[in-house]
Each structure stands twice: as structure tokens, then as C-alpha cells.
Amino acid sequence: MENILDFTLEELKEWLISKEEKAFRAKQVFDWIYNKLIFDFNNMKNIPYKTKNLLSDNFYIGVPKVVKKLMSQDKNTYKFLFEYKDGNIIESVVMKYKHGNSICVSTQVGCRMGCKFCASTLDGVIRNLTSGEILSQIMAAQKEIGERISNVVLMGSGEPLDNFENVTKFLDLVTSDTTLNIGQRHITLSTCGIVPKIKELADKNYNITLAISLHSPEDLLRKEMMPIANKYSIKELMEACDYYINKTNRRITFEYALVKGKNDSIKEAKKLSTVLKGKLCHVNLIPVNEIKENSYEKSTLKNIESFGNILKENGIETTIRREMGADINAACGQLRRSYVSK
């Protein structure tokens, strides 16, 4: 059986026609799934009994089961553990802002990138998520909170560009007016920096925001923090970023997790200013998420502010990320790992 969420409207129309069914039934089914959030063919009232049986015999609606739901004390962050049909568990985070609800989705079960500050990668990657499985996190979360989600961040477990085909099909699906109709400018994709895939993504000319996990302006330190840096130098990464900017005319966000005594010095800030000078970019400074498997500690707020001021003095737009959901292990991979290891 196939997950119907992996299908575009046109693909489902073609399938129905091949079974001598009416093509317009596809739009009715999509309306039940995406607008009414009905995840059982038998509850689709305007679909004939024969068509329901045909769909039930060939498809399932692959929305995951909620195995854990946590809410932060301020009620602005929800953390979900979702379980798929095969028993694999992933996590998603919903953050409530004045401008709307945002969800951080996972693109893989686990991750193989090995970044030292990330809990998602500690047990490696188990498998890729399909386009429909990524999409289903938004639908399951919307049903749980009873509100529309209007912004998507691909920054949960997994490296999106390591699952390129499924992620790009997800982007096509989620932005379609036949499904969730989320605008491309409301989507951010975060990558550790797989250079050829950044260029491939640029060629698709999406209007999404690309976020690069940079974390150091120096190759030696970046290699220590992020194994991907052993494959692609900062020079190569910056060339790929320039290609992306020139191709899409979209500003890139550089994510920089500040680790006490590691990458938060004035010297590092000045070097980063040099690396990024003249680029259409924005820097997001992040207090590193502390995990027990390494000795990384958060920089002090004073250090983070001093670091940011140097970037601003050099004409680089900079913000400090607001921490949300710390009381519910909302950082990437932390909740899933604690649940799975029980």
C-alpha cells in the first residue's frame, strides 16, 4: 500500500482514471484530507462506497500517531513525538508567534552528519522520510493544536539536502493550493552545507529562505564541530552561497551557535565579518543547546551581544535567536533520544 500523502493531485487523478474512476474524486479526497483534516477514507461523506473501498485497498493516509505531546510553561511552544506506521519516531516543534504558528519539521529519522552540538545525530540515520511523511507532521500538529500553521522550518532531525528528492517534492506539495497552500516565503530550509546540493537547490529557484549552519569562520574549528567541513571548505561553501544568492536573489541566513570559549571570541567575530562582508545575508546567533554527550557550554549573553555588535559594526544584519521551549527539551533531537533510549 502507498501513502496517499506522497501523491500530488495530478498523480492521484491519473491513478483514479487508470482504475476507471472519475478524476474529480481526487479533488474531493484532497479536500477531506488537507482542509477538513479527515484521515479515514470511510469518513469522507461525498465519496461513493465503491471508491472508498478502492482507496482503502490501495492507500493509507500516513499521518503519524502522537506518542508524546509537551507544552512549555508559557504555552507558546509544543513538542511532539510522532510515530510512523513502521514504528519509527520523529519529533516536531510548534512555536506560536504574533505573526502566526511556525513548525520545525524533521526530514529524516536521525541524522548522519555528526555535528557535535546536535542530539539528533548521536545514533546516526535510520531512514529518510518521504515527502508525505514530512507533510504529515504539519497536518498532525494542526489537528492537535486546532490552529493553522503558516510557517515551516526544515530544521528538525535530519539533513534536508541529504534527502533531496523527498524534500523538494515536499516543497512542491506543501506550497500547492491543492494541499496546505503555505507560501514559499514562509519556508526556511536549514543545511549543514552540502555544496553540490545547495547549487542544485538554487537551480530549482524556490522563493524559500536558505539557512546555513556555519558555526565557525575557520576551517579547522568547523571541522572539529561539523564533519561535513572535512569535505567542503568554507571557501567552497561561500562560493555555493554566492551561486544561490545570484540565482535566486534571496538573502541567506547563517546560523551561528555560540559555544563558550570555542567560537565566541572577538577574533572569531572579526573573521566572520570578513568572510561574510558584502553578501546578501543575515546572521542568526544561537546560544548552543547543551547536551550531556559533549562538553559544549553556552556563551554568556554578554559575549553573544559583543559578538553580534562586531558583526553589526561591519554592516552585517544580525539577530540573537529567542530561546523557546527549553523547559520541554525543544532543542533538536533531545526529546526523541530520551524517549527511544528508555
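Every residue, even glycine, has its Cβ placed from backbone N, Cα and C.
From a predicted model like this one, the values you see are computed outputs, not experimental measurements.
Copied over from Swiss-Prot, here are the features:
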type	residues	note
ACT_SITE	Glu91	active site, proton acceptor
ACT_SITE	Cys332	active site, S-methylcysteine intermediate
BINDING	Cys111, Cys115, Cys118	[4Fe-4S] cluster binding site
BINDING	Gly158, Glu159, Ser190, Ser213, Leu214, His215, Asn289	S-adenosyl-L-methionine binding site
DISULFID	Cys104-Cys332	disulfide bond
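Inclusion criterion for the binding-site residues Cys118, Ser190, Ser213, His215, Asn289: a C-alpha placed within 10 angstroms of the C-alpha of Glu91 (active site, proton acceptor); this criterion is met by none of them. Rounded to a whole value, the Cα-Cα separation of Gly158 (S-adenosyl-L-methionine binding site) and Cys118 ([4Fe-4S] cluster binding site) is 10 Å. Among the residues the record lists as binding S-adenosyl-L-methionine, namely Gly158, Glu159, Ser190, Ser213, Leu214, His215, Asn289, the two farthest apart have Cα atoms separated by 18 Å. Sequence-distant neighbours of Cys115 ([4Fe-4S] cluster binding site) (same chain, 6+ residues apart, CB-CB distance under 8 A): Thr121, Cys192, Ser213, Met225, Met226, Pro227, Ile228. Checked against Ser190 (S-adenosyl-L-methionine binding site) by C-alpha proximity, the recorded positions Cys104, Cys111, Cys118 yield Cys104 as the nearest.
Annotation: Leu214 carries the greatest number of neighbouring Cβ atoms among the recorded positions Cys104, Cys111, Cys118, Leu214 [cut-off 10 Å, Cβ to Cβ]. Secondary structure at Cys104 (disulfide bond), as computed by DSSP, is strand. Comparing Glu159 (S-adenosyl-L-methionine binding site) with Cys118 ([4Fe-4S] cluster binding site), their Cα atoms are 12 Å apart once rounded.
Under DSSP, Cys118 ([4Fe-4S] cluster binding site) is assigned to coil, being neither helix nor strand in the three-state scheme.
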